[in-house]
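Reading through the structure tokens given below for one structure.
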């Protein structure tokens, strides 16, 4: 499996597509006829346009499809990068008051990913000259919608960051978050309106996302915590089994770290291939977890002997970095569920059950360990006190005889 993952890691360059008038796109629309068109790489969407070089205006016609009667379809221009965040979007959906099809402008700031507050329509801060929408049949699942708009570009600018997507629901006049399938996350392109070239990243396979999530959940979220627990609760039995606890602990941790490394590598691949799609918190936690895990593994190479005076410092480092890596890994597993849209799924529930069972077992073992420790400490105290009394009585008797 690792050689296959290595090959995947090597072959993930971005691709440059030059798309001419494909069979799915058309330059003719009910509103007007355009000069050029392309078939966009996801969701069966198309884009037609006419560029007026004299006054730097661009007429566009985006064609998309609804995925539910209460859904929305959107497209827009991002002034800085081919990503959702920062896009100046036109969103089409059914007017809750009249039922007719409308199109409203929205600015997608960074809070849109969190959906902490409803999206509110607001005027765009780019030169939007006109906008309109039409649908041939209505607003049903699979129905086609066309969004027409005209914008004014900066002089000599012929490349635009075009973004599009669609969602299932609209709450009032606020579109809700779109699905997070691979095709939905790859709905962006850099388009040269003169040469009709479209630069996109290769769509990320849903299977690759599941492999990434499964490897990281099992390794960072299950195997490595179990390895830590094995070391903590088997070590007291060194007198019975010798150093077996150490070899079991090291073997489990190596397996977990290798699986976590594979999952981390797949995550980097998907991040590099998904231009404009960034999960900042998930990525930062993942990198930090991997680095701490690597430092923890490297610590084995510099493990001092038990008689070395620096051994106690090494143990403190080993414990602190190890527990930090485990906590970060588990937190990032939950963050991964959010990224994959599984926050309310049975997958997350199953992991919570596994994790809670593991934590419950650790609590029981920890209580038992402290009971045993306190009992042994009490026995040792009694033994010391008993030994002292015997010694005093013996000396007292000898003193009387000598006297």
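Each residue, glycine too, has its Cβ placed from N, Cα and C.
Per TrEMBL, signal peptide is recorded for 1-22.
Taken from TrEMBL, the feature domain 'DOMON' applies to 43-167. The domain 'DOMON' (43-167): residue composition by secondary structure is 4 helix, 63 strand, 58 coil, according to DSSP.
Per TrEMBL, the feature domain 'Cytochrome b561' maps to 174-374. When pLDDT is averaged over the domain 'Cytochrome b561' (174-374), the result is 85.
For 210-234 (among others), the entry in TrEMBL reads transmembrane segment.
Around the Cβ of residue 212 (heme b binding site), the number of neighbouring Cβ atoms within 10 Å comes to 23. Annotation source TrEMBL lists heme b binding site at 212, 249, 282, 318.
Beyond the ends of the transmembrane segment (246-269), by six or more residues, the same chain brings 1-2, 5, 8-9, 12, 208, 211-216, 218-220, 223-224, 226-228, 230-231, 234-235, 283, 286, 289-290, 293-294, 296-297, 300, 329 to within a C-beta distance below 8 angstroms of the stretch. Annotation source TrEMBL lists transmembrane segment at 246-269 (among others).
If you look up TrEMBL, you'll see 281-302 (among others) marked as transmembrane segment.
For 323-347 (among others), the entry in TrEMBL reads transmembrane segment.
TrEMBL lists 353-374 (among others) with the feature transmembrane segment.
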Residue 282 (heme b binding site): tally of other CB atoms within 10 A of its CB: 18
Tertiary neighbours of residue 249 (heme b binding site) (same chain, Cβ under 8 Å, six or more apart): 227, 228, 230, 231, 234
Surrounding CB atoms that lie within 10 Å of the CB of residue 318 (heme b binding site), all protein chains: 16
